[in-house]
Structures are given as structure tokens and as C-alpha cells.
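Q: Here it is, the structure in full.
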Amino acid sequence: MEPTSPMSPSPNLKRSTSFREFVTRVGPSYGDLVEKATNDVFPFASTILDCVLFFHNTLALTVYFLFVSESLERISFWPANSKHLGEPYAHVVTILWTALVGCWLSTWPTIGRLARLANSSPAVLWLMMFSIWMECPFGPFPIHREDIRPHVELREPLAAAFADDWVRRSPAVLCIVVFASFWHTNCVAVAREFHDATPTRLLALSFTSSSLLGLLYYLIAWGGYITWGERLLHAPNIVSLYSPENPAFICVRAGLAFSLSIAIPLNVFPIRESVQNMRPFDKMPKALRRILLGTDPRTRANREHEILGVILVLIPMTLSLCFSNVVQLITFLGGSLVSLLMIVFPCIVFRLVAPPDCRIWFWFVLLAGGAVAMFLVLASWGWIGDSA
């Protein structure tokens, strides 16, 4: 964005990323927009956003590490699969390999090249959807007993494909759905590097991507439930119920591992900007800071990016080696932290685009978004409904 743009960071803002010293980034960050919308009302809103972003992305990246590990360990030709090394060692080696790739990609200065690779995620979702429906009870290749994992019995008839307590489980499941649909932390970074970013093109991009993603998740979930029924409640994910020797699901697992390996550094970018706003390097001794960052301003910005990117990958890597309950992590993230990032803070940013004579719409959107977010928070804590 141009410096003269009304959406560019104002020199009156106190956030460090609003200053011109970070020459590798052009345009406002998510926190810049929040501060611009609340600077005269609630000056600490962007600081809260930075903290929420840090905790959310750290836990979300932990989930990605666990998903990559689960996908690769079930591929027969993966050198570090569970058959070759055994369960604990295969998990550790796969996590370390994923962290190595994530550390390298997170040192890139901008999100542009990674955003192009992120197109693999929708392609993998389409492949998963077609694979599930090809092997569902109505598909041309129904699942046979010998293809099912040893501890999983043959599926029940279609009539028993839904849990009896689905109403009580719906709030917790909604938290998982919110987490699965959450790409918002990268929206600002993608939008500021979007070529010819007119309001019409950005509006079309937002609604088209959200609609296609929702349709894909619906078809995947529907195909999984009519195939496996209530057994999905006791499985880590749909893909884990299919045979490791199934060619279609070998491709699905490999695609999931690749797309999530890209998603890990892609999600490091917004949290890296939030950490930079806290100016951690300025609190170091000058001699150590000079050794790590150098004296040239451009070299300093690049090295800050690289060091923070590596650290922000190593933290969730360590957590993924210590914790393994993916469902609880996703439910907590979707109901609490994601509800703030995807609903509350965007409603606050809406103040920047709401017409001055229509402030009632801003308050309506903010109150409605706050009500939805509070419902999700209560569901994630188990105060509404049952666990997923």
C-alpha cells in the first residue's frame, strides 16, 4: 500500500511495525489495523491482539505438527514410518524433519512465494473429498473388511450413521468447525501483496474462498459420517480410518503433509510481526544485539525475521513432542482464541470502513460478533453442550 493511502500505518501509531525501519514489509499488519480503529478509544487493543496471536498460532502450529506426523507415519514408503522405527521414534523423527523444513521456509522475507504454494491445501481437500465418496457405501469401490484398521469394526448401516446426542455435541463441534475455517491471520498479509487489490476483487476473493471451503468441509464430513457413523467420534480424523495401502489415501496423506508443512511457516508470518511489535531485540545487551543483527538497517530487519521465524517454529515443535490430544487443542482454539481473531477483532476493524453516519451498523456488528464469540468460548470450556 502506498504511504498516502488512508489504510497505510499512521506515523502517530506506536507500533514498531508502523515505522519504516522494517523495509522488508510494505503495508499495515493486522495489529496496525486494530490500533488505527481503536487508538482514540482503547489504546491497548493491539497489544491484546499481539498476545492472542502469539498463543493462538503457537497452539495451532502444534496441531499442524501433530497432523503432519500422523499423516507421514501412515505412509508405507516414508523412511521414518511407525513400522520401520516404532511408534515413539517415528513420531520424534517426523516432527524434527517437519521443524527443519518449517525453519527454512519461515526465514523468507515475504509471504508471496509461500502463498502460491498454499494453493495445495484446497487441492488436497478436493482429493480427500473424492477419495472418501469413492469408497463410501454408495461409491464404486466400497470398503472391505480387510482394508479396515484392525481395531475398527465394519461400519454400521446408514440408519446408525449419526450420534444420538448430536445436539449436545454441536457446540463443541462448532468450535472445531471454526478452527478448520480459520485462515484469517493471513488475510491482511495476503491482501497487502494482492495484485491490483480493488474492493471488488477482494470481496469476490473473500466470499468465493469461504464458500468453496465450507462446501468442501461439508462434503467431506457428510461422506465420512455415512461411511463410518459413530466411529468417527473415537478416531483422530477421517483419514486414519482408511487402509495405509489404499493408493488414493496415500496421495491424500502425502498431500496433507505437504500442505500443512507449508501452512506452518505461513502462519509464522503474522505472529512474527506481533513479536516484533514487542521489540525483544531492543532489550538485549548492545554487544549481543550487534553480533546477532549487525549494524546495517536492512541486514538487521532480515536477521530479526530469520531468528524470530526459527524460534517460533521450534516452540510448537517442542509442544507437539509433549502433548498429543489434538481434539482438545482444536476445541479450545476454535472456541476461545479463534473466536477473538476471526470475529471480535475484525468487527473492531469494521469501524475503519463503516460510514461515519452509520455508526449504528458498527455497534450492531460488534455486539453480534461478541455474542457469537461468547457462545463459542463457553462451548470450548464445556459450559455449553458435551465434549466433541
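Backbone N, Cα and C define each Cβ position, glycine as well.
For reference, TrEMBL lists these features for the protein:
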DOMAIN    29-357  domain 'Amino acid transporter transmembrane'
TRANSMEM  41-68  transmembrane segment
TRANSMEM  89-111  transmembrane segment
TRANSMEM  202-227  transmembrane segment
TRANSMEM  247-269  transmembrane segment
TRANSMEM  307-326  transmembrane segment
TRANSMEM  332-353  transmembrane segment
TRANSMEM  360-384  transmembrane segment
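Let's see these features in context: how buried, what's close, how far.
A: Cβ atoms under 8 Å from those of the transmembrane segment (41-68) belong to residues 15, 30-32, 34-35, 94-95, 98-99, 179, 185, 237, 256-257, 260-261, 263-264, 267-268, 270-271, 274-275, 277-278, 312-313, 315-317, 319-320, 323-324, 326, 329-330, 332-333, 337-338, 340-341, 345, 348 of the same chain, restricted to positions at least 6 beyond its ends.
Outside the transmembrane segment (332-353) by six or more residues, the chain places 7, 30, 33-34, 36-38, 45, 49, 52-53, 55-56, 59-60, 63, 172, 174-182, 184-185, 362, 365-366, 368-370, 372-373, 376-381 with a CB less than 8 A from a CB of the stretch.
Residues of the same chain lying 6 or more positions beyond the ends of the transmembrane segment (360-384) and with a Cβ under 8 Å from any Cβ of it are 171-172, 174-175, 178, 331-332, 334-336, 338-340, 343-344, 346-348, 350-351, 354.
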Q: Report, as numbers and ranges, every residue of the chain located at least six residues beyond the transmembrane segment (247-269) whose Cβ falls under 8 Å of a Cβ in that stretch; write 'none' if there are none.
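A: For the transmembrane segment (247-269), the sequence-distant neighbours (Cβ-Cβ under 8 Å, at least 6 residues beyond its ends) are 57, 60-61, 64-65, 67-68, 71-72, 74-76, 98, 101-102, 105-106, 108, 111, 114-115, 117-118, 120-121, 123-124, 127-128, 130-131, 134-135, 185-186, 189, 239, 309, 312-313, 316.
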